[in-house]
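Sharing a structure with you now.
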Amino acid sequence: MKTNPMISFLLMIIGVTGLGFIAPWWAAAIWIVVIASITRLNKKQAILSGSFAFGLVWLAMALYMSLHDDAKIISKTGALLGGLSTPLMFAVTFVLAFVTGLLSGWLGSALGQTFFPRKSEIVSPEK
Amino acid sequence: MKRIILPALLFSGWLFLLSTDIPVGENFLPAIGRFFSPFQGIWHNVHPVDASFTIKGKTKQPVKILFDERDIPHIYAQSMEDAVYAEGYLQAANRMFAMDITTRAAAGRLSELLGKRTLAYDQKARERGYEKSAIEKAKNWETFEGNKALIDAYVNGVNEYINSLDYTNWPIEYKILSHGPVPWTSVHSALTFTSMAIALCLGESDVEYSKAKSKLSAEDFKLLYEGLNPKESPVIPSERIWDFKPTGATKPTEGKTEKEAIGQTTEDHSYDLNGSNNWAVSGQKTASGFPILANDPHLGLTLPNIWYEVEIHTPDVSVHGVSLPGLPYVVIGFTDSIAWGSTNSGQDVLDWYDISWQDSSRHKYLLDGKYEDATLRPEEIKIRGSKSIIDTIRYTRWGPVTDEGDHKDMAMKWIGHLRSEANDIAYLQKINKAKNLTDYRDAVSAFQYPAQNKVFASAEGDIAISVAGVLPIRPEGLGQYVTKGDSSKNDWQGYIPFAEAPYIINPKRGFVSSANQVPVDTTYPYPMLGAKYFEDYRGREVNMNLDTMHHITVDDIKALQQNNYNLMAAELLPLMLTAVRNGNCLNAEESKYADRLSVWNYLEHRDSLPPVYYELWLDAFEKLTFDELDTLGVMYPEDWKFVELVKEGDAHHFFDIISTPQKKETLNDIACISFTTMVRNYNALEPARKKNWGAYKASEIPHLARFAPFGTGFISTSGGRHIINAMSKSHGPSWRMIVELSNPPKAFVNYPGGQSGNPASPHYKDFLEHYFDGKYYEVTMKKDPDSWTPARQINIAPL
């Protein structure tokens, strides 16, 4: 299945968001691997889609949750974790998600190219 | 395939890294993948969870829980089993982490959660056998009629909450520690009992007394440590006639041991501060004609608070007060016809016995001329992030033998271990549904330990106070020092019968009271041990006030609970000032300090400065006076003894400083030197602390697990040691309650904290401001659930 990279990106965002509510945190990473592989994204497309899908969903969700942080729980927890400020807590959250998405996309792309290669990528035995 | 290998390795390695707790020094960084997930991790905990909902529970009938604007739950159930099920659920929902930590600490299982840093604490708890006796206690509870169903209901309620948790809604402390709660059992509830008993009745100064006796002359020892304060005003006033002869006490054939302990005392004596006030005044002394009861138990203050306020209604019971999370029922509170409260009686219920081993294997110990086998009990202490260690605990006739510093090779005989066959639950069952004086006396007869002064007042107009709890009878002369463990004749000889334990009903003076002072005067037929733990000033101050008060109102009682008068300072400071003036040693600057002290009204108010001077001076004065004791590593005497020494002046050699053998200092010299030290120390304080007593004392209420950002930080507070308002740095009145026994009773309550244990909740510390401003919340019981509109509601529907 060859899909527009933008559609793959949207599928990743939907999956990361939906699975975030119902499954362990790493399930979203598996989702990106699956989408990147079955949509046969190339390495660059997969890495960009995966990292930004994961990173942006987590960042957006963290921003949304922080809107209700009247008791400043995030800054207090950051202080407990060695003095991380609230912006740094956001940064850490984004970076963790971004790198997870990046590695997921890369692995998905590699799996896709191995198991679902495009015609141009199939090397004929005669050649 | 080759192209998969690198990304696959990196991907799986990254997920593994993010899913693993990482040791950092002695702490653990939680697995950061789930921790930082905004769907499940720490971001999820910014939402308070105080909401209305319905759950399916193991109750027989539907239970309604209505919350008022302070988030106090009002439980409406058709049976006590259903009520305690709901109570267990609510306590867990609001105090789960506190319940867990408290019971782990008593069981010696903190290291399973916190790693090596709590190993020494766990080893001490294991060596003292707390968990073993809690297991026996929990097993025994079930043998009493009706207990099993009740305890099962409570345990099921707690587990109902625990089972509802997944990582997403773990309390924040569990996420930070990356470890969830474990299922609750009746042993955990028994450990909650044990934990409170540890806090309130470990008066273990035997080693310190022995050390003092061995290192000081007989004359000095008598001067410093023997006798009771002649000015003391005991809990039971002298009008009480004791018309019985003591039973059980015999003289031992073996003498007491005055074993010289090695090294400095290393015990944690934070429980020294665990005192309380309570009193009840009869209707003859009140403006309304109704009795008024007051109680404020003093404990270490934490967020969340140790108590959880609750109101329970069943067809048989209507009760409001504070519960102790981990246990069912209300511990201190009022019904629609009585009120009750507690203070610690300070009785010595722990003795140390010196064990003579046969050899270094420490398997057999000498008893009555032959060697007896010690029972060896291996204890596995699991340590997070490290291998478990096995400690073998030796049990003797006297109890477990410890390896701890000063107590090495001593066996611990403690009331908490000995009463595992008792029905601890019975007291709570009975007092929660008591309707009159007879019910109250019946309830306190069931109370086991730690010995408490149980105050009472009823709508029928009665007031009373009882020293409740088992009080050991010892061979004469034993109990204060380390005792020889080689003779069974040195054992306790039973307990004071309940009917002969101290109590008084409706005394002529029109009030009963207690503030951890000596319970009885010297006419009481049984000896009462506990001198080091008796408080010598608060009780006198309470009684002096109540003696002179008439037409007492609730506002008068509020003011008395927050009285900041330092009686010890009133008796000591004039003597100190006279000595320093007689010394004729003050320069112009120092004289200004003395002038300010001389006009001080002895109120330790947070905005007042002289209390800072006084406390700094007293500290320096005592240290200089007792430099001999510091050198010998011997404990200081009680404070009233110090006042007596200063009053008697130069007759005592303690005022001579031992490091200056060429000169013999006098009381005046000590006063002068310590005054100069005080001024110097005051000037060396950080500017912020110089401002006043509140700034100097720098009170704060820390988070239970010492997660600093979840504590209060600095709070300016009045009060202090020996003061009715016994608020020290992080220790003080943990619950203030005043009940006027009108019809219906009207109560005024507050505690430093809030109902929720969730730092994100608006109810985490919403009582604090009121509390430190000296304000109370008025409470009247809401017996009809349809008569008021709750702020929120939880319904429990039977499965």
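Every residue gets a Cβ built from N, Cα and C, even glycine.
These came from TrEMBL, pasted as-is:
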ACT_SITE  B:Ser276  active site, nucleophile
BINDING   B:Asp348, B:Asp351  Ca(2+) binding site
Could you give the Cα-Cα distance between B:Asp348 (Ca(2+) binding site) and the residue listed as 'active site, nucleophile', in whole Å?
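Cα-Cα, rounded: 17 Å.
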Is it possible to get the count of other C-beta atoms within 10 angstroms of the C-beta of the residue listed as 'active site, nucleophile'?
26
B:Asp348 (Ca(2+) binding site) has how many other Cβ neighbours within 10 Å of its own Cβ?
24
Whole-number Å distance between the CA of B:Asp351 (Ca(2+) binding site) and the CA of the residue listed as 'active site, nucleophile'?
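Cα of B:Asp351 (Ca(2+) binding site) to Cα of the residue listed as 'active site, nucleophile' measures 24 Å after rounding.
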Please report the DSSP secondary structure of B:Asp351 (Ca(2+) binding site), reduced to three states.
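Once the DSSP labels are grouped into three classes, B:Asp351 (Ca(2+) binding site) ends up as strand.
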Taking the Cβ of B:Asp351 (Ca(2+) binding site) as the centre, how many other Cβ atoms fall within a 10 Å radius?
28
